[in-house]
Amino acid sequence: MTYNIVALPGDGIGPEILNGSLSLLEIISNKYNFNYQIEHHEFGGASIDTFGEPLTEKTLNACKRADAILLGAIGGPKWTDPNNRPEQGLLKLRKSLNLFVNIRPTTVVKGASSLSPLKEERVEGTDLVIVRELTSGIYFGEPRHFNNHEALDSLTYTREEIERIVHVAFKLAASRRGKLTSVDKENVLASSKLWRKVVNEVSQLYPEVTVNHLLVDACSMHLITNPKQFDVIVCENLFGDILSDEASVIPGSLGLSPSASFSNDGPRLYEPIHGSAPDIAGKNVANPFGMILSLAMCLRESLNQPDAADELEQHIYSMIEHGQTTADLGGKLNTTDIFEILSQKLNH
């Protein structure tokens, strides 16, 4: 079998971190004996510059046919038209592929807790996953309007939309430490009242999982004061967007956090959670670990290569533990150095 992968380098540092990761994929495929083909497409701001829109039909159709999609990063101050922004291409891609699940792991690597802005004893051993609903909620709700005197956004969820994301979270928790924290604002929001009701109903199907409910403001506090208490966190779109960014700084850098977005069938999208960092684009100083860890998720989930994913992750964790990092993590290596060291380790 030959896996079909669509590569979307995007903007800013996206091309350099994605292209380097693809060089690692070539080494890994030879080592673990599997076949793939890459289809490159412009996306985001780069696509606006070339085609006048952030996501063309050609790119969208290629993504629909793919086994996996690897995305570098999109956006930047260059693209200011509110009706034609790079981010709108990503929203359209998520909606078109029905990517209703977003998975964001946060892991504090052994020996690297000193990198965190929080006290070492508070974060050491943190290993949590945020499961965010990605295609409903206030980002997609109708009606919405804006004028100089009034603006309206609508936060809507159906039972079916809540059930499908909650089932994903319960299954993930059952495969890990068996703890699920459901986050809502049930004390004031009607949508959260339905959310909590559905979570409690679905929990009856997963007796092996312990469920805890937290209001979103309390959860944001506990993520800082005691992140080690969490295993799997599930939440709606807006809450997940905010909490996952908060959690991502716990290990010490946005550059350490991968993510995956998927539906019940079809291709999965893998990307680091950081932005395009146009201020350092082309300077060979970008931290590529988030992109490489996203590749590891792709190897495990879409390419059926769990051993390869494990090896890649262990090499990364070892490098971080021994200070072989870029400047944002206190190291002295550049982007190329990271890829060269990983290439040597994989070829060993």
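Placed from the backbone N, Cα and C atoms, the Cβ positions cover glycine too.
Marked as NAD(+) binding site by Swiss-Prot on the basis of sequence analysis: 76-87, 275-287. The substrate binding site annotation in Swiss-Prot covers ARG94, ARG104, ARG132, ASP217. What Swiss-Prot lists as Mg(2+) binding site is ASP217, ASP241, ASP245. The site 'Important for catalysis' feature in Swiss-Prot is assigned to TYR139, LYS185; the stated evidence is sequence analysis.
Neighbour counts of Cβ atoms within 10 Å were compared for the binding-site residues ASP217, ASP241, ASP245, ASP279, and the top value is held by ASP241.
GLY76 (NAD(+) binding site) is 19 Å away from ASP241 (Mg(2+) binding site) when you measure Cα to Cα. Neighbour count (other Cβ atoms within 10 Å of the Cβ, all protein chains): 17 for TYR139 (site 'Important for catalysis'). For the pair ASP279 (NAD(+) binding site) and ASP245 (Mg(2+) binding site), the C-alpha distance works out to 20 angstrom.
DSSP classifies ASP279 (NAD(+) binding site) as coil under the three-state reduction. Counting other CB atoms no more than 10 Å from each candidate's CB, the binding-site residues GLY76, GLY275 peak at GLY76. With the fewest other C-beta atoms within 10 Å around its C-beta, LYS283 stands out among the recorded positions ARG132, LYS185, LYS283. When the C-alpha distances from ARG132 (substrate binding site) to the recorded positions ASN84, TYR139, LYS185, GLY275, ASN287 are tabulated, the minimum falls on TYR139.
Counting neighbouring Cβ atoms within 10 Å of each of the binding-site residues (THR80, ASN287), the lowest count belongs to THR80. Rounded to a whole number, the C-alpha distance linking ASN84 (NAD(+) binding site) with ARG94 (substrate binding site) is 17 angstrom. A straight line from the CA of TYR139 (site 'Important for catalysis') to the CA of ARG94 (substrate binding site) spans 12 Å. Non-local contacts of ARG94 (substrate binding site) by the CB criterion (under 8 A, 6+ apart in sequence, same chain) comprise LEU134, THR135, SER261, LEU269. On a Cα basis, GLY275 (NAD(+) binding site) lies 11 Å away from ASP245 (Mg(2+) binding site).
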